[in-house]
């Protein structure tokens, strides 16, 4: 009984610590620190070579770099990493915990062939970066510019000075470590000292202090080695003379038919950085204050505008309904003969739209995409998809998208039955179309882009085996779940219309201006909600920056949903007031037209922010992914607008009885 009370007290203490530390940042549950004893080997890994100049990743070993003795081995990768083009492999670099080493010889390559020499020059011209990882931390490089300290992940392959090309062949590593201060005592660790009890006792039960890796920095240098000295050295041997690492000077010029020697040094520095805070250096990128201020400013402005629209709109409709309901029967009969505006289309407002099957399919896919986005961003905001776990965001998106196929099939089939007044014929066909419409277009776009990446021998190309896996996931999980959702939608009662539809459609009066022009212009308000956040998202996608403010993104997304619904409601009411009963598709595109502005913004970003993007392949990849993103946003926002308008029209005509 006493031990039970002790457990209760421990649980309460841990809970209190976790609660008070939540403000310091939530970390991925299940991601624990690795304890290294003094002298334990630390194996550095290499990721794909990347460049903001081409956006095409390549394997580290596609260039003539040193290879490990045991051969090249791929690290375990998840689905998201493969789709993102990450290719994490082992490297020949190895360190011993808390053991400083200098002037370590790694290898000397074979004389550079004409192809290797040309390829190295091309990668230097295209500003490719080498990305290395230690204990799941990418290497950070610091540079000074105009008195400011800039952070970069990775280091450049080389540099061009005048007409000569120099390679960075000596690396100065600094590993920041943090010591376990209390041995033989369990201490609370995790989310900013959060909720996991980790024992600090070594596996062998000894009291020897252990260390955690809390930072990883690199300084690349170009050093000309002595050719005669290199002949006697073996891998990990000591270079006989001292190597001076000066990043401001270059010396190792690459030449055809001449080898390149690689060396490195490593030093360990103890820092008072707690393990959960070790990613702060990557997340505190430049412009963070501007980011927060811009988002807050955008939220306030859009909330104010949306509130005005909502108040004006509700007052207008409520006044119209109240005025009608206060009339006596005789006045109502007289008024029915002199009806105007939206009351005149009572017999046509629920007339089936053109291409009803396509509308139901797009609404179903929109529900699936919107649900996936909301759940994924929510989980990311709670810390379950942190930058520390590469690929989990993409993997989570795919998982949630497949699971939400049930919702897509249900909504699409139920809307189909509603349009046709309860007739459930054709629900299987609608379900199949929902399961194949957006994924089919996505596969078409990705296949075309993948052929371009295959042709470039890029690691960004999806392997054929992964293509097979994606198709199996599509047809073995997503399609059956969508059909199950469609089955439940066919069994569910359809939504009954409050008024009857006339057999002969009412003629729509000619308008002074094209109604579709107003529909396309309606997307400006939703675009204003997210365009500031869109800049930071684009920067993280194409400029190699880390995106981490998922909490703000979730708020912006919820605000976007509200604004999309309001915009479509206003446009639908305006069309009904001018006796235009064809509101179905217009309500969808009133909010869905925001995708047009997002695509135009992507082109603007390409021209003015990605000025260095070179080559038709890179531009085609960028535009292809932008088109894919715009299509997904159109379906999601269009669905919000349509469902909001459908609810409004149903509520409006069920609130007043017109004979």
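Count begins at 1; order follows the chain as displayed.
Here the Cβ of each residue, glycine as well, is placed from N, Cα and C on the backbone.
As annotated by TrEMBL, signal peptide applies to 1-25. Sequence annotations record features per position, and here TrEMBL assigns transmembrane segment to 292-314, 358-385, 391-413, 434-454, 466-490, 516-542, 548-571, 583-607, 627-653.
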At a C-beta cut-off of under 8 Å, are there same-chain residues at least 6 beyond the transmembrane segment (627-653) that contact it? List them, or none. 317, 321, 342, 346, 349-350, 359, 362-363, 365-367, 369-370, 373, 438, 441-442, 445-446, 495, 497-499, 526, 560-561, 564-569, 571-573, 576, 583-584, 587-596, 598-599, 602
For the transmembrane segment (516-542), distant same-chain residues with Cβ under 8 A (at least six beyond the ends): 52, 55, 291, 294-295, 297-298, 301-302, 305-306, 549, 552-553, 556-557, 559-560, 563-564, 567-568, 570-571, 574, 586, 589-598, 601-602, 605, 609-610, 622, 625, 637
Check the transmembrane segment (358-385) against each of 391-413, 434-454, 466-490, 548-571, 583-607 and return whichever range has the most CB pairs under 8 Å. 391-413
Best-packed against the transmembrane segment (548-571), counting Cβ pairs under 8 Å over 391-413, 434-454, 466-490, 583-607, is stretch 583-607
